[in-house]
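Novice: Among the features that TrEMBL reports, transmembrane segment is placed at B:26-48, B:133-156, B:189-210, B:222-248, B:310-332. Marked as domain 'ABC-2 type transporter transmembrane' by TrEMBL: B:112-329.
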Amino acid sequence: MLKVTSVSRSFGDHRVLDEISFDVHSGRMTGFLGANGSGKTTTMRIILGVLAPHGGSVTWRGGPITQPVRQSFGYMPEERGLYPKMKVAEQITWLGQLHGLSASKAKANTGKLLDELDLTGRADDKLEELSLGNQQRAQIAAALVHDPALLILDEPFSGLDPIAVDTVLRVLRDRAAEGVPVLFSSHQLALVERLCDDLVIISRGSITASGGREELRAKYGTSRFELVVDSDAGWLRDHPGVRVVDLDGPRAVFEVDNGQTDQRVLESALSRGAVRSFTPLVPSLEEIFKEAI
Amino acid sequence: MATTGFWPATKLVAEREMRTFLRLKGFWFGLAILLIALFAAAILPTLFGDSKPVVAAVGPEARQVLTDTSVEIRDVPDVATAEQLVRAEEVEAAVVPGPRVIALDDPPTKVIAALATAPPVDLLAPAAVTEGVRILVIQLFALVFLMFGMGGSAIAQGTVTEKQTRIVEILVATVPVRALLAGKILGHWLLNVGQLLVVTIAAPIALQLGGHSSLLTMVAPALGWFIPFLCFGFVLLASMWAVAGALVSRQEDLGASMGPVMMLVMGPYFGVVFASDNATAMTVLSYIPFSAAVAMPLRMFTGEAQAWEAALSLGVLAGAVVAIVLLASRLYTGSLLQTGGKVALKKAWAHAD
């Protein structure tokens, strides 16, 4: 398990991270959400030791992250880059060796990965000859070649076409299923919604929410309902404990102040006529995200 | 999981640098041009040069020695007449009983080469090294130094490429930064020293083929010093090239940071070319680590310096290499991950944490 504890970092007078803490658990895909400039990349660079924290600590399996430990991590930086003039397979094999694999193991892993990522046909092309989407796949392969113990991916899906997203997603899911903790940042909330098990939301250098996806949904979402009746639902505005979010003739979306109010609303609705629909609304991540930041 | 320590990482980085360059057509093309130029300079003048040299022969023995050689024979009755002709520069040399060769101020390499066995040579106005040869050798040494020094600029280019493409983040997250630096220096050192060795092996062959064996005898000791000096000197410059690359984030900005290093290569080059007559200047240049690599071997060639001087200067150079590499390693570490514009040296120094 990766544990980030009270990590702070400033650039000059600008405090980019303010005592942030969160965990990344084994076998879980953890989505790292935050607006541009909220501190996601800085956090990831600190975890990878590329940047030093000004306070706090990052531990892996309870111990400090030393050079040999760091070497077992897989990292995909936000700004992509591999050697443009080096052949794809050769490059990924080399990076595998740099991470401590033997030449033969690195070669075997590269072959397997390129196959998984549908890149085998481009193995002997120079990186710069690949389309951007394929370069992105090569970048994923570079982060995975050494069978990393932990995966840190900064915006892994940006720039990918939908088919590539599915391919990469499958590959990452496989790794998580093998027990590898995966931390990835993204702006694409719908994608994160589909993909992540846990969520960490960061805003202006502070963690505003973190936990399991369902747990967060429950925390941020059970108070909202949709009601559809036969006649006008305007009476809801005057119902105690209710805040109407949206009202459109017989259809209304409202929030309640506590766990009993929703049942009382249902009773009054039934007393006024037929109820066609009464649904608790599960918030999308986007809503949680907007609320949390 | 196996891990890569400092040395395996250094080796992997060096291997990659070398493989990249050995695959470039330009690399082999450059080496080929260099060798062709070397052989052409040594051989062509002999082949197409001023036809046959005229040589005076005294006595049947001398005549016989010169028969079947590529010289034009002019029979003269005695040694005195032969010397007269030599002094009047009517003949290039004279072969007199002994057999011995008489020439004016310069060993007649063509004549000697034309003879099956080299007979003893009497110089009437001997000079340690003739002016023409001296200038040629200085030019050649300076040129090799220049090429060798500039060869390190590939390290600066490579470092910027890594910064610009951002692969540097992956590299830094994987292996110690010092291993990156060491691997680059090692890789390019091997590439350049390898080329130097090829040239060092080819040069005597070319001189021999061109019939300049006596020149070879004169140059060989200086060449012997030149190689260790260049081996150390390259590390000195290579570490500075690496810093020049690490200080900027884009190829476009490289010119600015490469300037000072380029001065450290061009300075000694022009220094020895223009100050070669000035013994004091050459002495100073031969002890400054940056110019020692070319100035000291040249002083050895012209016979101005003793072997202990060369050894001392080499020691100074080796000490400077250690100091500069340590300094460069700190600056490289401090600037490698800094992006946006050119990193000030002060900032690079402060950031090495």
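Glycine residues also receive a Cβ, built from the backbone N, Cα and C atoms like all the rest.
Automatic prediction, not curation, is the source of TrEMBL annotations.
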Novice: Go through the chain and flag residues at least 6 beyond the ends of the transmembrane segment (B:310-332) whose CB is under 8 A from any CB in it; none is fine as an answer.
Specialist: 177-178, 181, 185, 225, 228-229, 232-233, 235-236, 239-240, 242-243, 246-247, 286-287, 289, 292-293, 296-297, 299-300, 345, 348-349, 352
Novice: Under an 8 Å Cβ to Cβ limit, what residues of the same chain, 6 or more beyond the ends of the transmembrane segment (B:26-48), are close to it?
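Specialist: Long-range Cβ neighbours of the transmembrane segment (B:26-48): 110, 113, 147, 191, 195, 198-199, 202-203, 206-207, 209-212.
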Novice: Under 8 Å between C-beta atoms and at least six residues away from its ends: which parts of the chain pack against the transmembrane segment (B:222-248)?
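Specialist: Distal contacts: 137, 141, 144-145, 148-149, 151-160, 163, 181, 184-185, 188-189, 192-193, 196, 200, 203, 254, 256-258, 260-261, 264-265, 289-290, 292-294, 296-298, 300-301, 310, 313-314, 317-318, 320-321, 324-325, 328-329, 331-332, 335-336, 341-343, 345, 348.
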